[in-house]
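Single-structure report; data block below.
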Amino acid sequence: MGPPPAPPRFHGAAPGPAPFPWRRVHSAAMAAPGAGAELELQAAIGFNGHILSGLICHPDQEHILYPLGCTVVIQGMASGKQSFLHGHTNNVSCVVVSKSGMLVASGQVTFMGFKADIILWDFKKEELLARLSLHKGRIEGLAFSPNDLYLVSLGGQDDGSVVVWSIPKKEAVCGSPASARSAGNATVLTASRCRDEMFVTAGNGTIRVWELDLKNRKIRPTECQTGQLKRVITCMADDDSYFYVGTSSGDILKINPSSKLMSDYGPQKEKFSMGVTALLLLKTGDIIVGTGGGIVALCKGSNYKVMKKIQVQGIVTSLTRRGQGHQFFVGTNESQIYRVNYTEFKEELIATCHNEAIHDIVFPLGTSDLFATCSKNDIRVWHTPENRELLRIVIPNMTCRAIEFMSDGRSIISAWNDGKIRAFMPETGRLMYVIDHAHSLGVTAIAATSNCRRIVSGGGEGQVRVWEIGERTRKLEEVLKEHISAVSCIKIKKNDQECVTASLDGTCIIWDIVRFIRNQMILANTLFQCVCYHPEEYQIITSGTDRRIGYWEVFDGSAIRELEGSASGSINGMDITSDGAHFVTGGDDHLVKMWDYNDGEVTHVGVGHSGSITRLKICPGNKYIVSVSADGAILRWKYPHCR
């Protein structure tokens, strides 16, 4: 008997009665009991730092907002409590908060030729107010007028238009092509701080001041004259008198919106390296400049003399001030969020995450307070209750495909795409040893025996290799050549005498790793992504690209049952509880599903990921489920008390 029909899925939205897929889901909301109940999302670790001005400090000075995949995260600064605005069907491309703080607007990307939505949110009531659709492909920028009368939106490269929306009526007032045919694309948008009817767009060789003629329902642009200067505009900020425009050439232009002329520019000599990528104006008249080289500088005067500066990791993409500017926040494209006090001008890293796809997640034996994740360039160890990074092990320009804690807790072993197995100390991250040339096409899977004396590794070429690990020696014991494609997952039996390997060639092989022979082979018309032993070790469960969950006998490799695991997309990750009563799956449908092992039915569903789930794990003691995804997000779910 198969599972019940999958609950209705809205990308990035909690399952619920249509047509309301945009409910805001609180991390404190309890999942209702019963079949297909909601998993409670406790925390999300992640920040999409590639979005310009994506990190915003709310005017109430108590919350910060930032995009993560298809969702907008609202986080309390003091409490750290998170809530999530769900509603977009694809990745969020821009976020903006009104001057009053009552309204939030977010735009998204979509497929070419399809309309990209803008969603208008009520911040206090936590409700969707309107879904605005006119632009195609992508929303490049959004801006609220100072009195919350209008929302201005800028379409992406394939759309090229600017539209003014009436907030009270929740409809478009008028629109126009954003830049002249002779100029490049407009990519930056900002509204006047004092006039509801004025806003500015800028981009490659274009700066335009727009004025709204509400009576005739038209917006009229005036091209700003910059003389001989030809610049690509990357960011803008404004005070009550001038617009300040940052450029990819590393200088800042000062534009008078009344005369539509450039009044001056600077610095004349020492321009900012790698371009100006973010600007923040302070009440004192000083400017804080963020650059492509990771410099955050405090500048004074018309020549933008640097008074103080700090270095952060990555390109500065967001600068947002708290209150009058006594404190401000910096966001970078490497998913780092820093807090800076204006007087001391010292940076404090308050949030960090992977900025590439996460390939694996593991807990140490017997503890739920720590877990490790791996991605391109690094392995990170996290403290679960505080969502805090404890350790980062960096191997530049390499991708870690799989990790495992040795059961004695003395080392983290890792599989890398350069064909090496590396072992690190879990407290310090110091390299303990390297096994060179472990596999010819990169190491893709790894597992260790419970006595910590052997490692079983799988490679991109399909070989399974068994290594003997001594105090100072690493010796290749045997090479098992049966798979003809990459090994995706390895699990070892508790007695250390048998293991199962899953491969993209459509086979799962159960090996005797004492005599080094094949015991059984399981064949299916799929690319196997994951395999798990039932705790009693008489059955295994598998899944992969055919979206089916297979139960198999270990003794003879015969199929027991098959479940429809997903309505769409591959199942990439799977884990089973220590008592074998339940297991969890996740994959390309972005859903975390908890199953009853014997009934083969979904008991709980977790909605929150906006990228494909790559792996997930149930922690020791069944307190949490942690899932990781291709967009670099880590989500922690409360383990439900199943009946």
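One-based numbering along the chain as shown.
Note that Cβ sites are derived from N, Cα and C of the backbone, with glycine treated the same way.
Sequence annotations record features per position, and here TrEMBL assigns domain 'EML-like first beta-propeller' to 81-339.
Cβ atoms under 8 Å from those of the repeat 'WD' (436-469) belong to residues 401-404, 406-408, 410, 413-421, 475-492, 494, 496, 499, 501, 503, 505, 509, 511, 513, 516 of the same chain, restricted to positions at least 6 beyond its ends. Residues or ranges marked as repeat 'WD' in TrEMBL: 436-469 (among others).
What TrEMBL lists as repeat 'WD' is 480-513 (among others). DSSP labels the residues of the repeat 'WD' (480-513) in these numbers: 0 helix, 19 strand, 15 coil.
Marked as repeat 'WD' by TrEMBL: 564-605 (among others). Break the repeat 'WD' (564-605) down by DSSP state and the numbers are 0 helix, 24 strand, 18 coil.
If you look up TrEMBL, you'll see 606-643 (among others) marked as repeat 'WD'. For the repeat 'WD' (606-643), DSSP puts the residue distribution at 0 helix, 19 strand, 19 coil.
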Which bits of the chain, at least 6 residues beyond where the repeat 'WD' (480-513) starts or stops, bring a Cβ under 8 A of a Cβ in it?
-> 441, 444-451, 454, 456-466, 519-533, 537, 540, 542, 544, 552, 554, 557
Take the repeat 'WD' (606-643) and find every residue of the same chain, 6 or more past its ends, with a Cβ under 8 Å from one of its Cβ atoms.
-> 9-15, 25, 31, 33, 37-46, 48, 68-71, 84, 86, 91, 335, 353-363, 365-368, 371, 373, 375, 382, 384, 387, 530, 569-570, 572-578, 581-582, 584-588, 590-594, 596
